[in-house]
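To start, the structure under review is shown below, and the notes come after it.
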Amino acid sequence: MGKQLAAFFQVPQELRTTVWEDAVQKNRVSLWVICGMIFGMELYNMARVLFWSASGLGTWNNRIYFGMYCALFLSAALYLCLAHWLRRRPAKARFLLQYGAVVFFLLWHAAVNIYDLWRDPESEVSIYFTAVLGLAVFIQMPPPYAALAHLSAYILFMGFAGGRISPGTRLNLTFTAIVALALSLTSFRHAVVFAGQREEIGRMNRRLQVLAQRDPLTGLLNQQTFQQGVQPQLGQAGAERPVTLLIVDLDNFKAVNDSYGHPCGDFVLKEVALRLSTIFADAAGVGRIGGDEFAVLVVGMEEEQLEQAAHRLIHSVAGITWHGKLVGAGCSVGGCRIAEPEEYERLYEETDRALYEAKRQGKGRLCLRCRTAA
């Protein structure tokens, strides 16, 4: 029970920044509305004392009320000025300003209601009642802050006005304070849960986005993502920055599937993907662009190094085993090396012709074409 209660009040570390930001944004809107209401009501109250009261500021009572109205009006104006000044500060700093403002507003309403009751014990407690519920409904606060605000107002009100209200009213106000605090705590807990759900949805969307860009079997880029990813590199090709597109096509892959079954075929595809990613670890992109066809984009590698890497790949694929036996896999590699910007479709067509030439030579071969700048 204790652990469950602690978990209810606790904000997970990974959600704290989000929860603070959410609380600040919600409170910002609420406080704009509250300050607008304060300006309207207190201007009316000050005008009522100055112009519509027969005694004006001639009595202590009117002066006290007028001073209270001015204090609330000026505090709302001060809050808005400070909020604008601190608008780029961290969320917690902005929250502390908001918290200071709402606690002052709450205690102000409690003090006004206390003064009303000291003047006339028959006065209503609606000012305090409304302020407490308004705090619970419109302001989002972590549990310690909510408890401090509600308890401070309750202790202040009961300490100075408890003796001037009936036992039934005291009991009702106590229940109201408890309900208001529970509402604040529950509201904040819901905000934490909602933030957690939003973060989880965000993580799921990011995972789905990654999955949408990857071939599900090999984990390499799929055809569309590979093409989109390498096109900017092709636009930057130059004499000092040659770019090479390699197409790797498996030889005798149908025979492997027919002889050993599709599980073996899937294993071979994954092994080829692993060897490609290892041998061309610095490639700008490695993708599976067809059933048994792969593509690699290499930037800046010397031609001799490129040929050596391609031959290593051919030799490595030929050594793939399934349950201790060579499966007879192989691959042919066609490549086109450019030293000037080119569109992917045209480069792919030329590379595909090089691949066809490699296969025509007897499979398990490399055919690399080099196109110099015009």
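Keep in mind that glycine also has a Cβ here, set from the backbone N, Cα and C atoms.
What TrEMBL says about a protein is an automatic prediction, not a curated fact.
Per TrEMBL, these features apply:
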- 31-52: transmembrane segment (TRANSMEM)
- 64-83: transmembrane segment (TRANSMEM)
- 95-115: transmembrane segment (TRANSMEM)
- 127-157: transmembrane segment (TRANSMEM)
- 169-188: transmembrane segment (TRANSMEM)
- 241-371: domain 'GGDEF' (DOMAIN)
> Does the transmembrane segment (31-52) come near the transmembrane segment (95-115), with 3+ Cβ pairs under 8 Å (pairs 6 or more apart)?
Replying inline: yes
>> How about long-range neighbours of the transmembrane segment (169-188): same chain, 6 or more residues beyond its ends, C-beta under 8 Å?
In response: 8-9, 23, 125, 128-129, 132-133, 135-137, 139-143, 146-147, 150-151, 153-154, 157-158, 162
> Taking every residue in the domain 'GGDEF' (241-371), what is their average pLDDT?
Replying inline: 91
>> Six or more residues beyond either end and a Cβ under 8 Å away: which residues meet both conditions relative to the transmembrane segment (127-157)?
In response: 9, 11, 22-23, 26-27, 30-31, 33-34, 98-99, 102-103, 105-107, 109-114, 116, 173-174, 176-177, 179-181, 183-185, 187-188, 191
